[in-house]
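J.: Shown below is the structure under consideration.
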There are 2 protein chains.
Amino acid sequence: MEKTSCLHFCFISCLVLFIIVGSWYRSSISSLPGYSLQTQKPIYHSAETPHHPLDPLTVKEINRVRTILSSYEPFSFTFPTIHTILLDEPDKVQVLKWRKGDPFPPRKAQVLALLNGQSHVLNVDLDSIRVTSHVINPRSGYPMLSMDDISAASKAPFSNAEFNKSIAARGVSSSELICLPPSAGWFGPNEEGKRVVKVLCFSNQGTPNFYMRPIEGLVMTVDLDTMEVLKFSDTGRDIPIPKSTDTDYWYTAQKKEPQMEPLNPISIEQPKGPSFRVEDGHIVKWANWVFHLKADHRAGLVISRVMVRDSENGELRDVMYKGFASEFFVPYMDLDESWYFKSYMDAGEFGLGMSALPLVPLNDCPRHSYYMDGIFATPDGNPFVQPNMICLFERYAGDISWRHSEGLLTDFQIREARPKVTLVARMAASVGNYDYIFDWEFQTDGLINVKVGLSGMLMVKGSPYHQAPNQDAMSGPLISENLIGVVHDHFVTFHLDMDIDGANNSFVNVNLVKERSLPEESPRKSYLKAKRKIAKTEKDAQIKLKLYDPSEFHMINPSKRSRLGNPTGYKIVPGGTAASLLDHSDPPQLRSAFTNSQIWVTPYNKSEQWAGGLLTYQSRGDDTLAVWSERDRSIENKDIVLWYTLGFHHIPCQEDFPVMPTVTSGFELKPVNFFESNPILRAAPAFEKDLPVCRPSASP
Amino acid sequence: MEKTSCLHFCFISCLVLFIIVGSWYRSSISSLPGYSLQTQKPIYHSAETPHHPLDPLTVKEINRVRTILSSYEPFSFTFPTIHTILLDEPDKVQVLKWRKGDPFPPRKAQVLALLNGQSHVLNVDLDSIRVTSHVINPRSGYPMLSMDDISAASKAPFSNAEFNKSIAARGVSSSELICLPPSAGWFGPNEEGKRVVKVLCFSNQGTPNFYMRPIEGLVMTVDLDTMEVLKFSDTGRDIPIPKSTDTDYWYTAQKKEPQMEPLNPISIEQPKGPSFRVEDGHIVKWANWVFHLKADHRAGLVISRVMVRDSENGELRDVMYKGFASEFFVPYMDLDESWYFKSYMDAGEFGLGMSALPLVPLNDCPRHSYYMDGIFATPDGNPFVQPNMICLFERYAGDISWRHSEGLLTDFQIREARPKVTLVARMAASVGNYDYIFDWEFQTDGLINVKVGLSGMLMVKGSPYHQAPNQDAMSGPLISENLIGVVHDHFVTFHLDMDIDGANNSFVNVNLVKERSLPEESPRKSYLKAKRKIAKTEKDAQIKLKLYDPSEFHMINPSKRSRLGNPTGYKIVPGGTAASLLDHSDPPQLRSAFTNSQIWVTPYNKSEQWAGGLLTYQSRGDDTLAVWSERDRSIENKDIVLWYTLGFHHIPCQEDFPVMPTVTSGFELKPVNFFESNPILRAAPAFEKDLPVCRPSASP
């Protein structure tokens, strides 16, 4: 492990161990501080009260929900398993009119629970202390897997005789096995009506990186409610378990120096401290930005009430009501019995927040970062703290905000340049093997840069090959001896409830169209023309990106005009991306049909937050963004939500073994005629006299 | 101007003034130091000698070229105007076998000159002191405009009676005018055989930002060789000159504070200094990378002989022989008499290096940057120094190289993360109004990230409108009173002579194809399959990117295999980009036909460096990459060059006024099966004890 700040690590790891595993985490946790970093005062979550209508449920509130549920009549016999307790956010109109000091709208919780194999969706009013609504099995699908589900399922194989015989035949001891229960997906009626998972196992002999040592072909279908092995399949007895050689990625395990000259220490330094403030636990204020930041069990990180200061009059103006990663679809491209079902929906099945472990100071986030905890519920309805789950830091990367220089044509030598300093909110989810890094980066010019980084381990496949055969025979390249990196995709669908200067917005497709000039009109034969078309209904806004039929995509406020008469707006600027190419009728694609387009726009509807449906796990695609959008509702000059899917095709390579260098892509939300002019025209350059004086190190 | 380091600024500005304007820069310049930054020793260029076969011509060598040309018989009567004197690089084979201490291959220069309206291409051997080849008008087109051309043409209007009448009618004094001579392009036989430019004028009354005050519709066609006004046109007398209000972007001119909370000082700090070394003036060594870096009159910045250390045995391995921006095509979308010709080829017409002014320390490049000068030739063949033209710095932006954390399934709590530190070589060209920032960023995992940033001023159009009318009537949005931001594109075409483990490489299209499963084969209906196809000839490698027919594009060495048998390779990973949509027969597109595809691969040919042809200015498209590629030469297992075009569509907005916040995009060159495994597996994390101790500021 890290050598750094051992005490801190011990503290955190004890805390985490205490928090997560099994069901030992009882009430005492809530009196422990969430973090103890140098510059940050510890927060005693047990004493916390909400300060804003969007603040997540506190430890006390989660306890109160549990109390309410305990005395709720339908649960008086058996308390359900709690899969999620989340703030049921007040109606948007209530949040928008709320001002600090005002009484709160009623605090409510949404509870996703499971009882006797049935999904229960409950709303609980914390003020009136009662369950206000309760629906059983509203649609196909179940709440996300709980830590108890995962923990129990990972143990299920060991009491199965076939399994034990199979691993014995491979010469593997059960003590060296680690099993994972990925979702079984949904593939038609055979396994419907049961919460099933597929259990896969790996050997951790000689390495903490068990992912690189799959017991290939061995897969069990397990009923999560009975822990019964419904189906056992072993098609891989002839496939050797890949060796542990060179799989360990721990720093302490590295025997050789890297083949490169060592780097001198380097750090982003702010001797006067960072320029942002976090008020009341969740309100972030920096430069010209104000927003609400919180951890979320499912989305990981939620940014709300994003406002930026007008560059002319200093007024705070609405930009985005709520932004978050709504779903994360990861289909693998292998039809084998032990592979076909690998098409994960990581947010709805496992929870990006649930999978987010504490960030590592100095390595996950730079010095001077501020850390924020997540407060979630355990399967028995108790609160637990996920410490240091989000970090917030100011970023200076040596980039240029704007510049111009001039030499020849004027009498003066112009050398104007401004350094770019930004604010980043970061969260990293470790959904089993993969690590997903989410960055929301705010620029002073009004741009929001959303980035997703992929790191961690590949989901690999054991193979008889030591040497790459004809690649066409395999579902991916050989990336180490006996290891195939199976081709797969990643799609992250973002919910972006843009409210440009207020809730009622329109979506405009600004299409660049080639026009031909008339004969004799010009020596030029062609030119591009930007043609604006306002989307009337949802189907007008189901967009597939096209390099040769390009558009800009604006969210505008048709009622708010700049002094020049341009509607104020923001545009979404895609970066490098990928589209899902699977058959629309293929079960994984049906369930993740929200990836059929890159862009969608829907009317705001509080119940349409999760692109794969509220109950995603084993859903049949009956509650996805694609289904909602097919209703083709009116979206012009309405409170509307923009959805963007960022995609990656991943053909693995040797460099991804045994841990992947981060691959990053993203998109931007960028002001268009939102400001009257460049909002950072008056920004100051950096001056030598203001910069810090540093000496080499803290140690003597 | 900057308040910072006033002395330094004065020094630089005096130097620059001395260097650039007119023809005063005579021989004494070469004894001046190129820069005088704190930590860097000044280099006295007059004493410099080359240390590497690829080193640019030194001051002494440029003087020698001039001497040789002076005594060259065809020039004995009249010395030509020198447009470029560049190193004529030795043959690749000579460079590859050269080792430090070896005698140099003969030093040669390529000279592009102009005499009596004719283009002269000469090769000069500095060792045998003679002109070895001399071709007149090899193809259509002329050498790039010289500073003298630009300077003279910008003065030409003032002696024209029609012009003076026209500006008087507008109530404009000639003393407030600044005129620019953008290229006239080429539009068929009417203006052929003459070096013509279009001269446009702007008012600088009340602002240094004259670009925002166009004298709309007034355009003169000027013969550069006679300075005769061939054609005068004024269609804009009714169009007011936009006001100077709020156009000034100088820091010293800002009267109001920005509407945001001030930011505390922030800096990338390296108290032990940066980890890179620059040896012999041009060889950069950092971490696992070694490359040759130089300034170039036309390309701006050239990276050569790029090698990375093998992560297993530490051997230096070839990655890229030469990489640079070969052409920069910027077509505007307006057919008006004073606009249709605006379709610039900035590298070949103006020179990205020629247009690169000194970088501003702390604002263009962070602290601890190393600065490198450019040494070019003036129109009379004398050397001049462009100081601080390139900067080189280590970049730490708080990003994560790789990470993995684990909590639930194992007995141990895993929290491994590694900070990402990179090396950036940067250059910024100010081609008139626009500023182009070029970054070549090297990562320790073998990835090269190439980024282009656009800032500076828009090329704007005067308009009678104060308020946005029906936008369809205009060639772009109203971005300020009486100012239209005309829609335009930017295309940067990179020459990437990849030599993966040696010169002979192949280009592989790894196409992801949807396959359908057979009935009963699987519960899955579809999956993707990666199909590799090696390009046999050039036409196989003319690639248009497609979101719904995606491929990876690999440059591999078919003779070099990893231990697993995978060919070693690099792939090009496009980021956000745009394609040119103009008619292929439209003159600007014909001349920039290298943008008809995003990717091309050609066999290595020393004469095929410039995508728009050696003589680009007023060329007719007879010497472009598209023409070369049509020969359809064999490219399999050959010394081949990869070309990539990065594109931007730019529909301006109010935020772009009066100076544009930087817009950035790029592409990556990424190892695929080049390393045996993740080359940064053994990288160390950052430790608190190693980080600097900083106090607020240098001033008391």
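Heads up, the Cβ atoms here are built off N, Cα and C, so glycines get one too.
Unlike curated entries, TrEMBL annotations are predicted automatically.
Given the structure is predicted, the values throughout are model-derived calculations rather than measurements.
According to TrEMBL, the feature transmembrane segment maps to A:7-25. The feature domain 'Copper amine oxidase N2-terminal' is assigned by TrEMBL to A:52-133. Among the features that TrEMBL reports, domain 'Copper amine oxidase N3-terminal' is placed at A:143-242. Per TrEMBL, domain 'Copper amine oxidase catalytic' is recorded for A:267-680. The active site, proton acceptor feature in TrEMBL is assigned to A:Asp346. TrEMBL lists A:Tyr434 with the feature active site, schiff-base intermediate with substrate. For A:Tyr434, the entry in TrEMBL reads 2',4',5'-topaquinone.
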J.: Quick one: pull the CA-CA distance for A:Tyr434 (active site, schiff-base intermediate with substrate) versus A:Asp346 (active site, proton acceptor), whole Å only.
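T.: That separation, Cα to Cα, works out to 10 Å.
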J.: Give me the count of other Cβ atoms within 10 A of the Cβ belonging to the residue listed as 'active site, proton acceptor'.
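T.: Taking all protein chains shown, the residue listed as 'active site, proton acceptor' has 27 Cβ neighbours within 10 Å.
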J.: Using all protein chains in view, find how many other C-beta atoms are within 10 Å of the C-beta of the residue listed as 'active site, schiff-base intermediate with substrate'.
T.: 23
J.: In the domain 'Copper amine oxidase N2-terminal' (A:52-133), how many residues does DSSP put in helix, strand and coil?
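T.: Tallying H, G and I as helix, E and B as strand, the rest coil: 21 helix, 27 strand, 34 coil.
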J.: Across the domain 'Copper amine oxidase catalytic' (A:267-680), what does the mean pLDDT come to, as a whole number?
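T.: Residues in the domain 'Copper amine oxidase catalytic' (A:267-680) carry a mean pLDDT of 96 in this prediction.
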J.: In the domain 'Copper amine oxidase N3-terminal' (A:143-242), how many residues does DSSP assign to helix, to strand and to coil?
T.: 31 helix, 30 strand, 39 coil
J.: Through the lens of DSSP with three states only, how would you label the residue listed as 'active site, schiff-base intermediate with substrate'?
T.: strand
